[in-house]
Amino acid sequence: MGELRRVMGFRDLVLFNIVAIVGLRWVALAAAGGPSSLSLWVLALIAFFIPQGMAVARLGSAIPEEGGVYVWSQRAFGPRHGFIAGWCYWANNIIYYPTLLVALAGFASFIGGDATRPLEGSTLYVVLFSLAVLWIALGANILGLKTGRWIHNLGGLAAWIPALLLVVLGFLAWVKYGPANTITLKNVLPDLGSRDTISFFAEICFAFAGLELAAVLGGEIKNPRRNLHRAMIVSGIIITLIYILGTAAILVAVPGSEISIITGVLQAIASVGAKVGAPGLGGAVALLMTLGGIGGVGAWLGGSARILFVAGLEKYLPESLGRVHPRWGSPHVALLFQGILASFFIIAGSLGAGPQEIYMVLVDTTLLVYFIPYLYMFIALIRLDKGIRGMGGSSKVLDLPGGRLGVWFCGLLGFAAVTLAMILAILPPGGSANPSLHLIKVAGGTALFIISALILYERGRKRAETRGSGAAT
């Protein structure tokens, strides 16, 4: 059996973080919320993004192992809770791929302009495009990170180029035509007493999530104690600027009543591009956004597969999931298993009303399930602090500002922000036809994920104990 190889360097990690986190759809969604979204970005940066980065940097430097949040939760709370955290992290991503791929199919339909735009409404096109991109990204990951990282790197570059172009065009529009929306101190400040504002804050927190994904690849990072936190600082600054400046650019370029929450970035670039004599920019940017999305699929596909891989090594899941390809040094069985499951969800989501309804319930549940590992991570930061301080070679471990007080502040602030986001995810959206049914579906779906994790863990534990006792006799 082969071994995982340390191939991810500093530059790879910076681009990996960008492609895993940046979604220009969040920029459009924020701009549609008006100028107050600029303040919400800053609030989410302080309450969630910075604590997330600090927690990942400290835990990743202290325990730079394959599995990331799975291993950290296991060290802090034991194998059962570690498995729950890892399972929720992995299971959420299996639902996330199809939704991202469907969105990518929509972006790709803009590449050819009016000639290809009607494809967005074709179910056959969406399914075939989604499956093709999924298996291309999967194949690159099976060939190992030495090859697969170039898809991440290409996606990372493709993610920030449209954002940079958006900011430049927004500035040109502001200079030449004036702002499309009036931006004042009064309308920039959010109404924190509004439920819509608070719900929107939860979505912006979700847009900032993902710094922990690189740490899941801890066993494949060159000098993780040094490179992980350095890459997070650089990529974190870039990600923050993309979100805040990109939102401001759309607000300057497109009237608020006309901003599309789905295609707002393309809309703004096409609008300003036409005014400055470059009407073909929309198709070029659509291509870049599609490439960025493909890189994102590759990053999340490869990262979350490591959870299955580590669980397979520990025999809580079938041992075959813990195999490493002898030539390419990748967890190929775990990756193939993910690809088959994701393909099933893509196809199921395209069939009739029944499967579609089931699929949408799963989609509504993903936000809640995704944040469960974050709760574990922020409390693990506090719980493991004493042991981390007593580690040999602790000079290699990143210290947070404020020492132990800083650790507690970071952990509790992040935990509070995540808890708020989860509560808001449970609450039914405004105008819901059946709020009680929505609550039952989302809460019940989350409980189903946790119960399935407990069942799988107990079966794996008993299987391991049986084999251990058999070997002893």
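Using N, Cα and C of the backbone, Cβ positions are placed for all residues, glycine too.
TrEMBL: automatically predicted annotations, no manual curation.
Taken from TrEMBL, the feature transmembrane segment applies to 12-32, 38-57, 94-112, 124-145, 157-177, 197-219, 231-254, 285-313, 333-352, 358-384, 405-427, 439-457.
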Quiz prompt | Contact call for the transmembrane segment (405-427) and the transmembrane segment (231-254): at least 3 Cβ pairs under 8 Å, seq gap 6+ | solution = no
Quiz item: Looking at 12-32, 38-57, 124-145, 157-177, 197-219, which one has the highest count of Cβ pairs under 8 angstroms to the transmembrane segment (333-352)?
Solution: 124-145
Quiz item: For the transmembrane segment (94-112), what are the same-chain contacts with Cβ under 8 Å, counting residues 6+ beyond its ends?
Solution: 25, 118-120, 125-126, 129-130, 133-134, 262-263, 266, 282-283, 286-287, 289-290, 293-294, 296-297, 300-301, 304, 338, 341-342, 345-346, 349, 359, 362-363, 365-366, 370
Quiz item: Is it true that the transmembrane segment (231-254) and the transmembrane segment (38-57) have 3 or more Cβ pairs under 8 Å, skipping pairs fewer than 6 apart in sequence?
Solution: yes
Quiz item: Are there residues at least 6 beyond the ends of the transmembrane segment (439-457) whose Cβ is under 8 Å from a Cβ of it, and what are they?
Solution: 79-80, 83-84, 87-88, 91, 316-317, 361-362, 364-365, 368-369, 372, 425-428
Practice problem: Would you kindly list the residues that approach the transmembrane segment (38-57) from elsewhere in its chain, counting only those six or more residues past its ends and only Cβ-Cβ distances under 8 Å? | Solution: 30, 188-190, 197, 200-201, 204-205, 207-209, 211-212, 214-215, 228-229, 232-233, 236, 239-240, 243-244, 247-248, 251, 374, 377-378, 381, 398, 400, 406, 410-411, 413-414, 416-418, 421
